[in-house]
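Notes to accompany the following structure.
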């Protein structure tokens with residue numbers, strides 16, 4: 001290996017030899033010459049001196065040199081600019097009264113500037129033992145700046161003695177600029193020693209940057225005025241303004257070495273980044289107006305715009321290290337990190353406005369406006385690392401870790417508005433206005449993690465442990481609403497108007513989550529352990545609704561009018577969720593025991609809700625003065641829900657002596673419910689000009705409720721010992737519940753009077769209610785004992801309970817009264833009632849036994865009972881009454897009635913017992 005001191009000594013020796021040779025050569029060549037030299041001898045003209053060709057310079061072979069050094073550099077600065085300008089002017093004053101004026105101006109120019117700074121340097125040194133050192137470095141820095149501008153203006157006017165005038169104007173701007181820069185550099189060292197060892201190092205970077213901008217505008221206007229008072233104007237304007245910035249950077253470093261002992265090292269590193277940002281705005285507007293001699297006119301305006309801005313960035317960093325040693329050991333390490341982000345905002349729109357005035361009072365005006373807005377904000381990150389070590393005796397270790405995360409938010413919104421108003425020659429006024437808005441949104445988040453640790457020791461024992469997790473959620477939304485109104489008003493006072501309003505919305509939410517942990521161990525003695533446990537869950541939710549409102553109103557001739565409204569609404573929400581948990585183990589211990597154990601749980605749930613309503617109304621008056629009013633209303637809602645869960649716990653244990661035990665426990669639960677209700681009402685009222693009227697109304701309501709639930713469980717156990725004796729036990733149970741309730745009611749009323757004096761009053765009502773409940777339970781226990789000598793003992797116990805209950809109620813009635821102008825009348829009164837209820841219970845149990853002894857003796861027993869009970873009854877009653885009068889003091893009356901009763905009371909008990917002995 002070449003030392004720095006050796007390099008310095010070698011360099012001095014080389015310079016000393018060259019310097020001594022030059023002195024000897026000069027002494028030999030100029031010993032007899034005068035010491036006076038002309039000034040032209042050292043001039044820069046490049047011409048040969050009077051001494052001829054001078055020294056004969058020797059040519060050296062660089063491949064055989066002990067040292068070679070070369071360098072170069074370049075620096076430059078360039079700048080330029082330019083501009084131009086043109087003007088024009090014209091004025092004419094004519095004898096005939098015509099005047100003309102023209103003016104124009106045009107300017108443009110540019111500026112450019114560039115700079116450069118470059119340098120390279122390389123050195124190579126050889127030692128006598130064959131060692132070589134190479135070094136080098138370079139850099140390059142440059143910049144470019146350029147800009148340009150342009151301006152153009154012109155104007156023209158014309159006028160004559162009749163009053164006619166014309167004019168036009170233009171204005172244009174065009175400005176551009178660019179700025180860019182570069183900075184890069186590299187440096188290296190390469191050392192190769194005679195003994196085969198080496199060292200290499202290389203570093204570098206590169207940075208770029210660029211800016212762009214522009215400003216463009218184009219305007220023109222034209223105007224004309226006629227001698228008759230007419231005019232016509234046109235204006236146009238459009239332009240664009242924007243800038244952008246782009247930048248990037250890149251840096252790296254690489255290192256590698258080998259020492260005399262054979263140890264090798266390497267290291268690599270890089271870092272990159274980039275960004276882009278900017279904004280841009282485009283716009284355009286147009287205006288035209290026209291005025292005629294007859295007083296008619298027109299004005300039209302339109303425009304649009306589009307604005308955008310953005311900001312984006314990326315970054316990355318990577319590192320790796322590796323060591324390989326001569327003794328076989330090694331280590332490795334690497335890491336990575338990266339990110340990206342993006343932001344975008346944009347807005348655009350269009351607009352128009354048109355007005356017109358026609359003959360005979362005709363007018364119209366219309367407008368339209370639309371907008372569109374968008375936004376995005378997104379970012380993601382990730383990072384990870386890994387490392388590994390290898391030891392002398394087969395030991396190894398590994399470590400990993402990583403994480404990822406990100407988010408995203410996005411939205412879009414739109415609006416629109418339109419109007420139209422007009423007046424026709426008859427004086428009719430029409431109007432139509434509408435507006436709407438809608439939008440969507442998105443919001444997301446996620447992350448993910450991972451970790452791993454693994455190792456092997458010198459005895460071959462292995463361990464592996466990992467943890468993983470993830471999460472994600474997502475939200476979405478959307479909405480829309482609109483309004484519209486239209487009307488017509490006539491000169492005779494008649495009119496009509498309509499209004500409509502509507503809105504909707506919907507939102508969703510989703511989420512997921514999971515976690516997992518694993519542990520694995522395997523040892524050289526045959527023992528092991530495998531364990532995994534974790535959980536996962538998800539949830540989904542949705543909600544939304546809509547509303548609608550409509551109204552109309554009109555007025556006709558002769559007092560005729562009408563008014564109607566409709567309103568409806570709907571709303572809903574749903575949800576469902578699920579989750580799971582587990583823990584699994586498989587293990588073998590040093591004493592030969594093997595264990596298998598699994599636990600699993602699961603839960604699910606879902607629900608849904610809904611509501612709706614509808615309301616209407618109507619009122620009207622006809623030409624005769626008859627009036628009518630109607631209203632109706634409806635409403636309904638519902639609810640549904642279900643849920644379920646399950647659990648399992650299973651375990652098996654095996655021992656080295658062949659004894660074994662097994663257990664298995666499980667349970668399942670379910671539940672559901674449903675509820676719904678509804679209401680409805682109607683009312684109609686009529687009032688006639690002749691004094692007759694009618695009033696009719698009705699109402700109804702309903703309710704329902706249903707519930708169900710179950711619970712199922714089982715416990716099982718078994719064991720066998722080393723001698724062959726076994727015992728087992730199983731337990732089962734079941735519980736069920738069911739209920740159903742309902743209610744319904746209704747009523748109606750009528751009140752009317754006719755022209756001849758007849759009057760009617762009528763009322764009805766009805767109520768119905770029911771209820772039903774069912775419950776049940778089952779239980780069972782089974783046991784068995786078996787001995788190695790053949791003895792067996794068995795038992796079986798069963799029991800059950802049932803319960804049922806029901807109820808019903810009914811109530812209905814009807815009353816009516818009819819009277820006439822002659823004094824006669826009729827009355828009706830009817831009614832009905834019913835009530836019933838019934839309840840029943842039952843229970844039972846059974847015990848069974850069996851025994852067989854080793855000497856052959858057998859015996860059995862069977863004992864049980866059953867109980868049942870029923871209790872309840874019903875009662876019903878009704879009546880009817882009528883009364884008729886003739887208005888002269890005579891009447892007829894009828895009465896009917898009925899009533900019934902029933903009662904139930906039952907009980908039963910049954911028992912049995914059987915014993916058998918052999």
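Using the three backbone atoms N, Cα and C, a Cβ is placed for every residue, glycine included.
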Check: For the record in Swiss-Prot, which of the ranges 175-208, 515-548 is the region 'Disordered' one?
Finding: 515-548
Notebook entry, point to check: Which one of these stretches, 15-52, 737-774, shows up in Swiss-Prot as region 'Disordered'?
Noted result: 737-774
Item checked: Residues in the region 'Disordered' (66-150) grouped by DSSP into helix, strand and remaining coil -> 0 helix, 74 strand, 11 coil
Note to self: Need a quick answer: max count of Cβ pairs under 8 Å to the compositional bias 'Low complexity' (632-647), which of 79-89, 604-619, 661-672, 673-688 is it?
What the structure shows: 604-619
Next item on the list: State the non-local partners of the compositional bias 'Polar residues' (604-619) in its own chain: residues 6+ outside its ends, Cβ under 8 Å from one of its Cβ atoms.
Entry: 562-578, 627-645
Note to self: Which residues of the chain, 6 or more past the ends of the region 'Disordered' (737-774), have a CB below 8 A from one of its CBs?
What the structure shows: 690-710, 803-821
